[in-house]
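Feature list (source: TrEMBL):
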type: ACT_SITE; residues: THR240; note: active site, nucleophile
type: BINDING; residues: THR195, LYS221, THR240, GLU331, ASN461, THR466; note: substrate binding site
Amino acid sequence: MFVRGIPAVWKRFSSSSSTTTIVTKAIPSKTHLHAPLPDSTFPKGYVLTGLHCGVKKKPELLDLAVILSTSSRPTSAAACFTRNAFKAAPVVVSQEVLQRNNGRARAVVVNSGCANAVTGKQGMEDAWAMVRATDTLLPDPQSSSETLVMSTGVIGQNLPITKILEGIRSQVPSGSRTLGSTFEAWERAARAFMTTDTFPKLRARRFEINGKQYHLAGMDKGAGMIHPDMGPPSGQLHATLLGCILTDAAISPRSLQSALTYAVDRSFNSISVDGDMSTNDTIIVLANGAAADSKEPEIDEERDPLAYEAFKQELTSFAADLAQLVVRDGEGATKFVTVTVEGAPTYKDAHAVASRISTSALVKTALFGEDANWGRVLAATGSIPLSEPIVPSRVNVSFIPTDGTAPLPLLVHGEPEKVDEARAKDIISQEDLEIKVELGLGSESAKYWTCDFSYEYVRINGDYRT
């Protein structure tokens, strides 16, 4: 058996009784990726909690998160959802809430341990029941639903909805309420998102627009079934990845959605653990204006394009930080790899090549084996049709170490370099590294973040339901 963080030995026996011994590598510790944050770094006007309601068997595991905006200003909401054809009930319900309310919502409720996906009519009824129960926790609840819902876990099983509703109702003012705004409250909510994650993924930061200070905080979950392709609710409706980002800036609903769509394309839609797309992927952003003056207008891309651009870039950078945590916690991962593609005719071309390299099983297994087999990178690059055909004599491939030393050219203008194999091995043996491909066809670039495939990934997913 493999114990996380401790090498183990596997033996495979053939019919001739010969034995192949495979010594696995220790999974790097992830404890340094989570640490307490000052309460002052979190956005104003939110209360949240995480609790155990019984979706998961072990009582010490949190499985229900509740997030409420308490701001007196209207709260804008935006989301990007999976494009998988088998969209889970909470995805469908959240889309409908956003469309009914023209981009306004004040609450988010999340359960982990059961995806409520491919659950038919009962699944839809359960998702709406979670929405209605959470609506009652809001100050001055409105006639229309104002809660967005997310679920993650095993597909094809119904929610233990009675337990979930009891958990939500425990947060009424007269109940055993644990809602709060401290770091501990944010951390509980982040833990309630987790399934095979090994640490709660929580980040917060301050930023300024026009000399005024605002805050961003967010949490996400994901370690396997990660290759998102999410779009806005009005778009065509590819991961399990859930994320919630909260800000106390005042942003108009249409501009919040526009900023999130841009940010997701350059963050959550640019990560891959295993190349598999879930039925539930959802990223939600709430902007409650609690740090803005009462009469201050909402930031809007048409009325104040400079302020909007500043917010969009902050959101994109923050979303990228959260997205990279998912890759670092990839199931069984021992490497964090940045794939950079430059010199493409379009961003779409660069993104497609980076995605193909990041999902190649041959590239990912070579990374795990610390084999500098750059020919696999080149083969993946050439397998994608682009808006302009690749000219092999223009292509460069390099390994970029993260210790500040010089890059290692592997292919220059289509010609293989005489590679220092010892140095290549040294670079690829590092926990963090970068693979850079230059196409020589234009000026557009894109980044993807990925990890390796290990024996531990197979073990985790071979007995996921047990």
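A Cβ is built for glycine as well, from the same backbone N, Cα and C atoms used for every other residue.
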Binding-site residues listed as THR195, ASN461, least Cβ neighbours within 10 Å: ASN461
Number of other Cβ atoms within 10 Å of the Cβ of GLU331 (substrate binding site) across all protein chains: 25
Packing count at LYS221 (substrate binding site) (other Cβ atoms within 10 Å of its Cβ): 27
